[in-house]
Amino acid sequence: MKLPLLLAIVTTFSVVASTGPFDPEEMLFTFTRCMEDNLEDGPNRLPMLAKWKEWINEPVDSPATQCFGKCVLVRTGLYDPVAQKFDASVIQEQFKAYPSLGEKSKVEAYANAVQQLPSTNNDCAAVFKAYDPVHKAHKDTSKNLFHGNKELTKGLYEKLGKDIRQKKQSYFEFCENKYYPAGSDKRQQLCKIRQYTVLDDALFKEHTDCVMKGIRYITKNNELDAEEVKRDFMQVNKDTKALEKVLNDCKSKEPSNAGEKSWHYYKCLVESSVKDDFKEAFDYREVRSQIYAFNLPKKQVYSKPAVQSQVMEIDGKQCPQ
C-alpha cells in the first residue's frame, strides 16, 4: 500500500508518541493506525481512504482528515502535544538512519520548514492547518524519508529480511521465527508457548519482549501502554473495568529491570482473573497483526469461531508435530 502523507497524526485511543528513527514496519503501523482511528463510516470511507493512501490529505476541511494528520505528526514526534510545538529533530534522526532515502539539501529544507512553524494549539484543525503547507511543499522528501515510497520501502524490506516483520506476516510469527527458528531444537517449545504456557528462561523473555513491543503493549521506552491492551479487549467486546484493576495490580509489581517488563505484564495477564478474555483478545490481535489494514476498507465484525479457526491454522504451521 502507498503510505499517506507525512502530514498526519492520529488522535483517538492511545496516543503514545514513538521514539525515532522509524523503520518501514513502524511507519506502516503508524499510518494504518491513524487511518483506522479516523476514517469516517459511510459512503465517504473508501474515497477518503484512497486519497490518504496516495498522500492526498483531503478533504482538507474534514475533521477526519485533520485528525488523521495530527495523529501521524504526534506519533512520529513531529508535533509535541504537551509543548504544543513542532519538532524537526526526528527528520534528522530519520535521515541519519536512512541516508539513502533523501538528498541532504532537501532534507535540511524540510527540517527548517518544520522547525520554523509557530506554537500551535493542540487540536486537530490547528495542527493540520499549520503543517499542511509544509506537507505540500516537501511531500516527496517526507514521503521518501518516512518510508512512503513503495519502491524504496520494498528494497528496505528485502535488505532487512528476517530482521523485520514482513508485510502480511503476523508479529507473533515474526518473533517466533526469530527466537525459535524452524529446524532448531528450540522450535518444539512453540507448541507450549502458543498454548499460553509461560516459561521462565532468558530466551522466552526476549521473545515475549519482541511480541509485546510489536503489538505496542509495551513502548520502545519499556512503558506499559494500558490503552493499547484495553483497545484489544474492546475489539472482542470485553469489558475493560476488570482489566483496569488487573493492570493496576500488575503495575504495582512492575520489575525495575526494563528487560523483564514485557514478560512481567504478559505473565501477569495470563495468570490473572481476566486470563480468558486476555487470551481471546490476544488471539484476535495475532490475526489482525498479519494485515495492518485489516479494518480500513470497513470495520470487521468480530467472530470468535473464525478467529479460533485461523489461530489453529497458524498453530499447525508454527508448531512442529
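Every residue number used here counts from 1 along the chain in the order it is shown.
Glycine is treated like the rest: Cβ placed from N, Cα and C.
Bear in mind that the values here come from a model prediction, so they are computed numbers and not experimental data.
Residues or ranges marked as signal peptide by Swiss-Prot on the basis of sequence analysis: 1-17. The disulfide bond annotation in Swiss-Prot covers Cys34-Cys71, Cys67-Cys124, Cys175-Cys210, Cys191-Cys319, Cys250-Cys268. Look at Swiss-Prot and you will find Trp55, Gly148, Lys167 tagged as leukotriene E4 binding site. Residues annotated as noradrenaline binding site in Swiss-Prot: Glu176, Arg194, His207, Asp283, Glu286.
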Alpha-carbon distance [Arg194 (noradrenaline binding site); Trp55 (leukotriene E4 binding site)] in Å: 38
Candidate with sparsest Cβ neighbourhood (10 Å radius) among Lys167, His207, the listed binding-site residues: Lys167
Pairwise C-alpha maximum, in angstrom, for the residues (Glu176, Arg194, His207, Asp283, Glu286) that bind noradrenaline according to the record: 17
Cys67 (disulfide bond) to Glu176 (noradrenaline binding site) - Cα separation in whole Å: 35
Integer Cα-Cα distance in angstrom, Gly148 (leukotriene E4 binding site) to Cys34 (disulfide bond): 14
Cα separation, Asp283 (noradrenaline binding site) to Cys175 (disulfide bond) (Å, whole number): 15
Distance, Cys319 (disulfide bond) to Glu176 (noradrenaline binding site) (CA atoms, angstrom): 10
Other CB atoms, at most 10 A from the CB of Gly148 (leukotriene E4 binding site): 26
Cα-to-Cα gap, Cys34 (disulfide bond) vs Glu286 (noradrenaline binding site), nearest whole Å: 19
